[in-house]
Amino acid sequence: MVLPLFRRAAIARTSSLLRARLFAPASEFHSRFSNGLYHLDDKISSSNGVRSASIDLITRMDDSSPKPILRFGVQNFSSTGPISQTVLAMPALSPTMSHGNVVKWMKKEGDKVEVGDVLCEIETDKATVEFESQEEGFLAKILVTEGSKDIPVNEPIAIMVEEEDDIKNVPATIEGGRDGKEETSAHQVMKPDESTQQKSSIQPDASDLPPHVVLEMPALSPTMNQGNIAKWWKKEGDKIEVGDVIGEIETDKATLEFESLEEGYLAKILIPEGSKDVAVGKPIALIVEDAESIEAIKSSSAGSSEVDTVKEVPDSVVDKPTERKAGFTKISPAAKLLILEHGLEASSIEASGPYGTLLKSDVVAAIASGKASKSSASTKKKQPSKETPSKSSSTSKPSVTQSDNNYEDFPNSQIRKIIAKRLLESKQKIPHLYLQSDVVLDPLLAFRKELQENHGVKVSVNDIVIKAVAVALRNVRQANAFWDAEKGDIVMCDSVDISIAVATEKGLMTPIIKNADQKSISAISLEVKELAQKARSGKLAPHEFQGGTFSISNLGMYPVDNFCAIINPPQAGILAVGRGNKVVEPVIGLDGIEKPSVVTKMNVTLSADHRIFDGQVGASFMSELRSNFEDVRRLLL
């Protein structure tokens, strides 16, 4: 059988770079092509009747060390059997992309596809991009459903055929679509007769379990390495369809819905609702194909013991000579102090706090009831005046409440933990330079009043501040940059993208006004309101808060005259904006005589990375910013 001629554009719609087409007439060959600036390394091979063509690397050659620019997915061309098929893989649509989300399929199974047709929309780590077909034919099979998340690059997502009659002969699944290597994903089918089982912190004994799917904690953002189970929307035994929301997961950015990519029945919940810091890839639930298999999962030893193995019990605050299992996962500081003072065995006290926390009240109740056992390691520390638990029950309780200060443990959200970690790293690793200046607000306030009275346009002072900062960054380009730690170089940013600090219940979010220098003040105002509402409701998309070249933190609505903000890495600057205050200053009148006058002034403080901002760059930026406030017409240039 003659293999039909398949071809694929390596770089689509590129006039100045390189266009490459691959042909597969031989059993195997390896070719290289270079145009002096870019180098293409491709390989075409044939094995067991399946021809595979892959563009391994496109390399930039304008420096001493070749630098990878793009890596493409794999296409497999079957030349055996009654049909010829093309397997479309998840493409690498940005240099840093390793996973992608299939947002929407623009074509459905059976549709005719022409070269250049948009097959689907793929959400990368940067933006949502249209995935265009480089082949003509028919979309025979969609392997990855709409809404699927964290699909690895080169993962097969669809199958195309040349003839419409071949659609019915396309297999339901593809084996070896990623060079025959099995990858770990958020959904993996586990069967008793499989020779390889998923390795994780929980590995059930599959010998007595029916075929099932292990749901793992997914990576719902590029920086996520652990998450919290906020809520389970499905309970054990419920029927699940593809696309059903199983639960809510709190990431380091927001609380997101976790949708099922499988249909079946929720047989077992391994991680209970409210669990925190669950590692990405850790099993959280089991799904079976039919309702009859649910009882087999529940009655098996693996299914009944998996929940216990999920919880991590920290070391007790006191030595435990016995092997008695502790009934808690955390101990509050007050409870820890009481246990040490009374020489108690922590494992003998029952915890009643949230998520298995041992509280001070639990220890007091155990002392009063005499149920708490003494620790053998604390006998040497006993005071002579100490009585037995039964005799001290009436006196120990009031003495405890009088000697200890009352407080409440407040568990941090995942967002606050990430913020705390990054701000600490920022202060430790970035040399902060601080510059302050007072700017006159009267021209800005008059301009704002004129917009509202004469044109019906309502904008806030913060909206005008964003525009003023963006124009200053455009005019002082050295201030719109970041530090490349690997190379030790300053990287200048082409666009001015302003991150604005928005306080939410779960922590500080920084949505981005992109290309702020090119937008009108009214457009900035509308976008700020929309992004702030999304941030407070936890519905920001990744591209709406990731990135940014400069930040603004405005506390002018509070009685805060001035403050110093901490740089948000990898950015190099953040402007702290205080409130406006009326002050009396000498002003030269039209007659040339200096007279006292009341003006409104506002303090702004620049926190800058001293590796990028030296004194001259920082002063130039502050001078431009001050000029923008004094003459608002500069914002229209």
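For all residues, glycine too, the Cβ spot is worked out from N, Cα and C.
Record features, source Swiss-Prot:
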- HIS610: active site (ACT_SITE)
- ASP614: active site (ACT_SITE)
- 176-196: compositional bias 'Basic and acidic residues' (COMPBIAS)
- 85-161: domain 'Lipoyl-binding 1' (DOMAIN)
- 212-288: domain 'Lipoyl-binding 2' (DOMAIN)
- LYS126: N6-lipoyllysine (MOD_RES)
- LYS253: N6-lipoyllysine (MOD_RES)
- 1-84: transit peptide (TRANSIT)
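Per-residue pLDDT, averaged across the domain 'Lipoyl-binding 2' (212-288), gives 83. Here the domain 'Lipoyl-binding 2' (212-288) has, by DSSP, the following mix of helix, strand and coil residues: 0 helix, 39 strand, 38 coil. With helix defined as DSSP H, G or I and strand as E or B, the domain 'Lipoyl-binding 1' (85-161) counts 0 helix, 39 strand, 38 coil. Every protein chain considered, the tally of other Cβ atoms within 10 Å of the Cβ of HIS610 (active site) stands at 14. Its own atom aside, the Cβ of ASP614 (active site) has 12 Cβ atoms within 10 angstroms in the protein chains shown.
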